[in-house]
Amino acid sequence: MLYYLFKFLEEQYQLPGAQLFDFLSFRSAMAIILSLGISTIYGKRIINYLRAKQIGESVRDLGLKGQTEKAGTPTMGGVIIIIATLIPVLLFAKLENIYVILLIVTTLWMGAIGFLDDYIKTFKKDKEGLKGIFKVIGQIGLGLIVGCTMYFHPQITTKEVVTETNPTENVIARAEVVDMGPEVKDTTTTIPFVKNNEFEYSSLISWINPSLVNYAWLIFIPIVIFIVTAVSNGANLTDGIDGLAAGSSAIIVLTLGLFAWVSGNIIFSDYLNIMYIPRSGEMTIFITAFAGALVGFLWYNTYPAQVFMGDTGSLTIGGIIAVLAIATRKELLIPVLCGIFLIENLSVVMQVGWFKFTRMKYGEGRRIFLMSPLHHHYQKKGKHESKIVVRFWIIGIFLAILSIITLKVR
């Protein structure tokens, strides 16, 4: 909203300094500063409110050291992340941008599902929370919205061959590129570490009959649904010990922010020989606000946690990361960039699958890990949770660097 206000003041009254709001870098900086302020300053007030209303975590005894001490810790802290993200976005982003709209919808959609789950657990005293089938339906619903928007919306395009305009203006991330050239409506994505790294989803169906290329949405939309569901569940499983989900997600989000910025900049996309995605640079405002909210939330969520994000936060985080990866055409990089989420997910799948298999074969269930998800396995081995979290963050940073390298190494 401030963007439109200062744009008006610049055009009508030539207000000194109003032109700053034309620059993506300035608005991104303001977004992260404001989100950090909201999440740290007002986050404390929200935590006190949650504590006063006795909205606390009910902890099941899983035999983990220090677990029972966490009983009663305020939960639903994901609302801090959501509020600290949306306020800067509404103030500094271009609200007509389709990518910004999609991310706002994702935040509210997944936040509502997570909030309902936490509400049932906390107020209805049902430890299972929202039934799993309803969570999955909600995730599928979001995936359907994202998939249809990405495929059918006319403003979501790519451009492989760029035409250089004003190098100085673009390098400093001026808000808009004047001459973008022809835009292409397609379902192209990028394959990491491959020289000719562009992949068209329509090729999965067009080989049967070239005329089927118009039905590529039959392939593309289900893939988007799968990605949204998988990543949101991965983030949800990762939120098991203090600071793990928020810290790991901040690393992932900042990396995706870099991808969004270079993909939305005509000069850098040309220099790096990557796909230019018109209008995607505006996502940087959302990403910086979201990253600031996560870091601010960590102020209270690191060991010993003063608040838990609950499903309100974890499902929202996973949904946003999935949509960011899809929007920047980096969804095939998710197994690398979101490697922490992946191993947490796989540890649960392997544990459950092996237990069921051995029970059928030997009459008793056997386990691969002492406990799943993987972070609980290390807790069972006697590792302190703060050490586990920091080591997972280090792995996350390594995976983020590896992901960034794909911009140039093919």
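Glycine is treated like the rest: Cβ placed from N, Cα and C.
As annotated by Swiss-Prot, transmembrane segment applies to 23-43 (among others), with the evidence given as sequence analysis.
Annotation comment: Swiss-Prot describes 73-93 (among others) as transmembrane segment, evidence class sequence analysis.
Residues or ranges marked as transmembrane segment by Swiss-Prot: 95-115 (among others).
Using a Cβ-Cβ cut-off under 8 Å and counting only residues 6 or more beyond its ends in the same chain, the transmembrane segment (132-152) has close neighbours at 98, 102, 105-106, 109-110, 113, 117, 187, 216-217, 220-229, 232-233, 315, 319, 322-323, 326-327. Annotation comment: Swiss-Prot describes 132-152 (among others) as transmembrane segment, evidence class sequence analysis.
Positions annotated as transmembrane segment by Swiss-Prot: 211-231 (among others).
Positions annotated as transmembrane segment by Swiss-Prot: 248-268 (among others). Using a Cβ-Cβ cut-off under 8 Å and counting only residues 6 or more beyond its ends in the same chain, the transmembrane segment (248-268) has close neighbours at 24, 162-165, 167, 170-171, 173, 177, 180, 235, 238, 274-284, 287-288, 290-291, 294-295, 298, 317, 320-321, 324-325, 327-330, 337-338, 340-341, 392-393, 396-397, 400, 403-404, 407.
Taken from Swiss-Prot, the feature transmembrane segment applies to 285-305 (among others).
According to Swiss-Prot, the transmembrane segment annotation covers 307-327 (among others).
Summarising the annotation, Swiss-Prot assigns transmembrane segment to 332-352 (among others).
Per Swiss-Prot, transmembrane segment is recorded for 387-407 (among others), and the stated evidence type is sequence analysis. Sequence-distant neighbours of the transmembrane segment (387-407) (same chain, 6+ residues past either end, Cβ-Cβ under 8 Å): 192-193, 241-244, 247-248, 251-252, 254-255, 258-259, 262, 272, 274, 302-303, 330, 333, 336-337, 339-340, 375, 378-379.
For the transmembrane segment (285-305), the most Cβ-contacting stretch among 23-43, 73-93, 95-115 is 23-43 (pairs under 8 Å).
Scored by C-beta pairs under 8 angstroms, the transmembrane segment (73-93) has its highest count with 307-327, from the stretches 211-231, 307-327, 332-352.
With Cβ pairs under 8 Å as the measure, the transmembrane segment (332-352) is packed most heavily against 211-231, out of 23-43, 95-115, 211-231.
For the transmembrane segment (23-43), the list of distant contacts is 3, 77, 80-81, 83-85, 87-89, 91-93, 172-175, 261, 281-282, 284-293, 295-297, 299-300, 307: same-chain residues at least six beyond its ends, Cβ to Cβ under 8 Å. Same-chain residues lying 6+ beyond the ends of the transmembrane segment (211-231) with a Cβ under 8 Å from its Cβ atoms: 136, 139-140, 142-144, 146-148, 150-152, 187, 201-202, 204-205, 318-319, 321-323, 325-326, 331, 334, 338, 341, 345.
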